[in-house]
């Protein structure tokens, strides 16, 4: 696979984390603990939702999908990061890099769509409580989840195939600890106009529209509950939506930091910290946000543990 005046590379090298050598073992243990916490936290939520019939509702069905997406999202980047921290040359093969980028985009976009669907679920539950069961039927919930998975997979496949047609020259150092599409496009030595055009065209359906619909849903929710004079009802609504709003703020806050507010001076530390927030911290915090602020999850955990004790 050779092109004129170009040497096609077979692997990429990740830029070293801006960590002093003497602190490497400490940060390795820290990242490993964060990864294990992410895995355990999201698995516990998925298992609780599967085992407890009280959680077999549309909201928790979408939450289980979100936890699965967070689990996979972390799995895409963290094991490779931990392995590279112990390696003298933190590299990844060309095929491995494209594969990582594909799944990184799948699970990142999946969280975006699931947050939008969950906002719609809260909107229907609060603004149309009497029709909630008929509107959010099991069939509709499954269709919304499947549609989200299919769309994100096709979207990620499109960008991966478009990237695969590009050629890369001598410069194969990725200025991050994972394969990100924006970083890879900067390394390409062939025309990337089509790639950038598709990113721009699809930014609306995949980022702007979901975020806008989430905002509209919560504007409708707030305007609806402000008409209610009962402080108890208002408190209940805000407690129900608080977890989702926290996750939305965390997710879109890090997205803005990564893609809309890039480092002006290409600061390695700043880029790495923002990347860590997006790929490591957010998937780890989501289970805690939902479990600590959600009474249903706490009660489900107690019921499951009590049943296990009785069976023993």
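For all residues, glycine too, the Cβ spot is worked out from N, Cα and C.
Keep in mind the model is a prediction, meaning the values are calculated, not measured.
Feature annotation from TrEMBL assigns transmembrane segment to 26-51 (among others).
Averaged across the domain 'G-protein coupled receptors family 1 profile' (41-290), the predicted model reaches a pLDDT of 87. For 41-290, the entry in TrEMBL reads domain 'G-protein coupled receptors family 1 profile'.
If you look up TrEMBL, you'll see 102-120 (among others) marked as transmembrane segment.
According to TrEMBL, the transmembrane segment annotation covers 140-158 (among others).
The transmembrane segment annotation in TrEMBL covers 192-216 (among others).
The transmembrane segment annotation in TrEMBL covers 237-260 (among others).
Residues or ranges marked as transmembrane segment in TrEMBL: 272-292 (among others). If you look at the transmembrane segment (272-292), the same-chain residues 6 or more away from its ends with a CB under 8 A from one of its CBs are 17-18, 31, 34-35, 37-38, 41-42, 44-45, 63, 66-67, 70-71, 73-74, 77-78, 104, 176-178, 180, 243, 246-247, 250-251, 254-255, 257-258, 263, 298, 301.
Note on the transmembrane segment (26-51): residues 17, 19, 60-61, 63-64, 67-68, 70-71, 74-75, 78-79, 81-82, 85-86, 280-281, 283-284, 286-288, 290-291, 297, 300-301, 304 of its chain, located 6 or more positions outside it, place their CB under 8 angstroms from a CB of the stretch.
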